[in-house]
Amino acid sequence: MIHWLKQLQIAFGASFLWLVCLIYFTQGFRSFVWTAISYQLKDNLKLSPSASQFVTSIAFFPWSIKPLYGILSDCVPIRGRKRIPYLVLATLLSLFPWLILSLNISLRSSRVSLMIILTVQNLGSAMADVVIDAMIAEAVRFERASFAGDLQSVSWMTMALGGICGSLLGGYALTNFQINKIFLLFSALPTIQLFSCCLVEESSVNSKDFPQYSTSNEGSHSINGNSFHKDNLSAEKSKTGVSRRKKSQKSAKKGPVTMTKSQIPVKDGSLATQWFHSLKMATFSLFRAFRQPIILRPMAWFFLAHVTFPNLSTVMFYYQTEILKLEASFLGTMRVVGWLGLMVGTIIYNRFLQKMKLRRILLCAHIGLSIMILLDVVLVSRSNISLGISDKVMVLFGSALADGINQFKFMPFLILSGQLCPPGIEGTLFALFMSINNLGSTLGSFVGAGLASILNISSGSFDNLLLGIIIQVFCIFIPVCFLFLIPKEATGISA
């Protein structure tokens, strides 16, 4: 392990490797502070489950528009640089909200102001995620391509480590610290990240290179489950560093390319004109590719799979803390078990499910998820007590299995998304796919909040929660009726 890390340090530089690990660790460690946010909404603001879920759904909306950050950083450099300035900006947007919430009790005690501040914070986190993915892809593509899988593995391991540490320490912190101290403690990570940005050098972009939007399929990645995800995800916005002349030569080798009027590069004019035309080209290419049925139909299925399922996770959080009396430390342990279940699910998928038909994988995943929802029925109806099974065992067991089965559904999305991306715009189109997935999840949370409101489920009143969970059981099978949108011959490793 140490020798492996030393090789990566030599290949990419200690400062760059440190920055990658720090950002991904911070992304995973966010569970530390978001546990506190959940309790802030429930205990201090006294919000109902539906209102609390509405606030968090709005706050996480910036993760649904990730391609905008990528296109902006690709096409509009700041002081001649495309990555580090945006990473600094993203880090500041991630840092200041936590400092403000730690120092101003009135802002964190107001639902509207808290929602706005959390939305800004997620904007910074999502932008940082996009920019560091692009930096990884550029480093791998132009410097040490042979270390691509290793660098992606490091990023995933550090994020998983951050998630486990954040979940474990989050519950402990809630028991022993005031909430403002928790916000202040977490702000140390983006502060270190801000100073770490100054350690990484980035070459200046020559204005002659505009618009720098990739037209080749260079940097495509092998398809092997989890590592494929980060290779594509890290390539989200990386379309820089290669001159247009080299790109056009590579495109010519693959066949004639017909360029529309809006795709003809502008070689003269002001810098602002070049930026505008580069943005126009990127957006046009992105949506032109997305309109193709081979891409639109599968993405429509994954979007429907989220939207048609009412997410009641916040309601279950209220139920677990108010009725089951589960402590914050135990809920942290539950999230750790969920992380472990996700990792096990990834391993099982990569070893046993890659050659299975994609439609069958998704069908089995939804059947498995329906069984997990039935476990919630057993928990809420208190049938587990008559069977001699404790609430904590039910919650831990259900968390591990649910996250593992969800990974069977998420991995095909990642693989199919990457393979559907046409050459030249793989990174940004894949980012659009991820944003569609995130948007579907957000809308599913809105649907869940609406269902909780209709059923009059509120803090201290969970009489209709069992009915809501039964509705979930039926809704989980709605996407199964639309599996014809998934390519018939696609498997778990190839589309």
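Placement of Cβ uses the backbone N, Cα and C atoms for every residue, glycine included.
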Stated TrEMBL location of transmembrane segment, expressed as one of 54-72, 111-129: 54-72
Selected stretch (most C-beta pairs under 8 A with the transmembrane segment (331-349)) from 84-106, 153-175, 361-381, 393-416, 428-453: 393-416
Leading contact stretch, 54-72, 153-175, 361-381, 465-486 vs the transmembrane segment (84-106) - CB distance under 8 Å: 54-72
Most Cβ pairs under 8 Å with the transmembrane segment (428-453), selected from 54-72, 300-319, 361-381: 300-319
Within-chain partners of the transmembrane segment (361-381) [C-beta distance under 8 Å, separation at least 6 from its ends]: 316, 319, 353, 391, 394-395, 397-398, 401-402, 405-406, 408-409, 412, 462, 465-466, 469-470, 472-473, 476-477, 479-480, 483, 486, 492
Beyond the flanks of the transmembrane segment (300-319) by 6 or more, those residues with Cβ under 8 Å of it: 38, 42, 49-50, 52-53, 56, 331, 376, 380, 409, 413, 436-437, 439-441, 443-445, 447-452, 457, 459, 462, 465, 468-469, 471-472, 475-476, 478-479, 482-483, 485-486
